[in-house]
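Asks: Sharing a structure, written as structure tokens. Questions coming.
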Amino acid sequence: MKNTEIRVRFAPSPTGFMHIGNARTALYNYLFARNVGGRFILRVEDTDFERSTQQAKEVIFSSLKFLGIEWDEGPYYQSERIHLYQEFAKELLKRGIAYKCYCEPQELEQRRLMMQAAGKPYKYERTCYHLTPEEKQPKENLPFAIRFLVPPGEVTFPDLIRGNITIKGEELEDFVLLRSDGTPTYNFACVIDDYSMKITQVIRGEDHIPNTPKQILIYKAYQWEHPIYAHLPMIMGPDHTKLSKRHGATSVEAYREMGYLPEALVNALAMLGASFEPDREVYRLDELIKLFPLNNVSKKAAVFNAEKLKWFNREHIKLMTTEGLLHRLLELGLVSGDINYLRRVLTLVRDRITVLNDVYNEFNYFFEEPKTYDDTGLVNWSGKEVLENLRLLKDKLSELTDFLASLIEKAVRTLAEEKNLKAKNLIHPLRLALSGKTVSPGLFEMMELLGKTRVVTRIGAFIEKIKQINDR
């Protein structure tokens, strides 16, 4: 493979969501390509016709675009290249490096299960390889798979992350290249595609290590130079078991829908196995490209922690201007209405946001009347004395000509002094009346933003709520 240009690929199967592990693989390939001035190719491995869907393909494309991962070539589809794999398989058949296998898949599976039940490893016995010409003759019109004849000896290959890896030949069975329906297996299609697309580095998960010796044997059979391999560490959950749905969301789409920034997700994914600068964790995509250390990726399993992702998201929200944050929220349809009002809301709440959806989910009282009130708050602030104090406060606030935070605060504290109360005995029920919650941004700034009409109306509604409680 005499090729001076660095070419890497991301080759997902369109059978479901874009898993965090796949997203990390795509990101590392992209960062590496951009870091060295190479090209990033997108290939869709869609030869599993029963499980591959158009919807899953669209999910792949939209997830990559969301993360800011742009491909230079593709998408190429394996389903459109079936004839190519068939031609290459025939060549190995003619050269005696592969052979026809007439064994029924059900029969092979039965043998495998029998060996497993006996506690023994199963390996194809080369039944069809040993057929005599006379035994083959009546089978000539039967469907057949094409198997690769694995040569004796070890397969050793260098891995950029793990060093040299050696697999003993006896551990490999004669694996299938083409199924009886003419479709290629993963390993065969992968080699033909990587070679024809001039891939120079294959960066993928460590679960592909068992596939690599098979692929190298295919390269050797064609006398092609194989690419350099780098197998990324497994991604585990916080309990150090393989990341799965029981650890929470595991797909890019799920985090997108929850309101996570792509910048935060990219940052978190980049840290799953790679170390950049000491004592620093927050990076923009352009910084990750500049610093990406493929030779520094650890072989130790990485831990994906949803709480850490929340931290990354908060940090990236802090890096955004209020205008940038507002633009993102409007773009996603998470807020709507008067721009100046939205801008002022964001100024108040941005330091309290973990995910973008919080702007509405946690601070919906800026956009609509409270429909419910915090239960603990109601227990603490629904007595008759509170009722009377709120009535007085409602009247006092109604008299304000300029509804400014400083004047609102003065009115509240003055009433507290007149009633010989601690200010909190007015502030807490007032916050509950206006937001339905016991915690909010600065109360007086919030009241100024809501405006006198809404504030007075909400206090009135809360008074009615307290009266209902006391009348029970």
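FYI, residue positions are counted from 1 along the chain as it appears here.
Cβ atoms are placed via backbone N, Cα and C, with glycine included.
The following feature annotations were taken from TrEMBL:
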| type | residues | note |
| --- | --- | --- |
| DOMAIN | 5-311 | domain 'Glutamyl/glutaminyl-tRNA synthetase class Ib catalytic' |
| MOTIF | 12-22 | motif ''HIGH' region' |
| BINDING | CYS101, CYS103, CYS128, HIS130 | Zn(2+) binding site |
| MOTIF | 242-246 | motif ''KMSKS' region' |
| BINDING | LYS245 | ATP binding site |
| DOMAIN | 337-462 | domain 'Aminoacyl-tRNA synthetase class I anticodon-binding' |
Asks: If you count other CB atoms within 10 A of each CB, which of CYS101, CYS103, CYS128 wins among these binding-site residues?
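Replies: Output for this query is CYS101.
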Asks: Just to verify a number: CA distance, HIS130 (Zn(2+) binding site) to the residue listed as 'ATP binding site', in angstrom, no decimals.
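Replies: Cα-Cα, rounded: 46 Å.
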Asks: For the Zn(2+) site (CYS101, CYS103, CYS128, HIS130), what does the 8 A shell look like? I mean other same-chain residues with CB within 8 A of the CB centroid.
Replies: TYR99, LYS100, TYR102, TYR124, ARG126, THR127, TYR129, LEU131, ARG147
Asks: Tell me whether CYS101 (Zn(2+) binding site) sits in a helix, a strand or coil according to DSSP.
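Replies: DSSP call for CYS101 (Zn(2+) binding site): strand.
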Asks: Count the residues of the motif ''KMSKS' region' (242-246) that DSSP assigns to helix (H, G, I), to strand (E, B) and to coil, and report the three numbers in that order.
Replies: 2 helix, 1 strand, 2 coil
Asks: Count the other Cβ atoms sitting within 10 Å of the Cβ of HIS130 (Zn(2+) binding site), across every protein chain shown.
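Replies: The Cβ of HIS130 (Zn(2+) binding site) has 9 Cβ neighbours within 10 Å.
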Asks: Look up HIS130 (Zn(2+) binding site) in the DSSP assignment and report helix, strand or coil.
Replies: coil
Asks: For the domain 'Glutamyl/glutaminyl-tRNA synthetase class Ib catalytic' (5-311), what's the model's average pLDDT?
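Replies: So the average pLDDT across the domain 'Glutamyl/glutaminyl-tRNA synthetase class Ib catalytic' (5-311) works out to 94.
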Asks: How far is it from CYS101 (Zn(2+) binding site) to the residue listed as 'ATP binding site', counting Cα to Cα, in Å?
Replies: 39
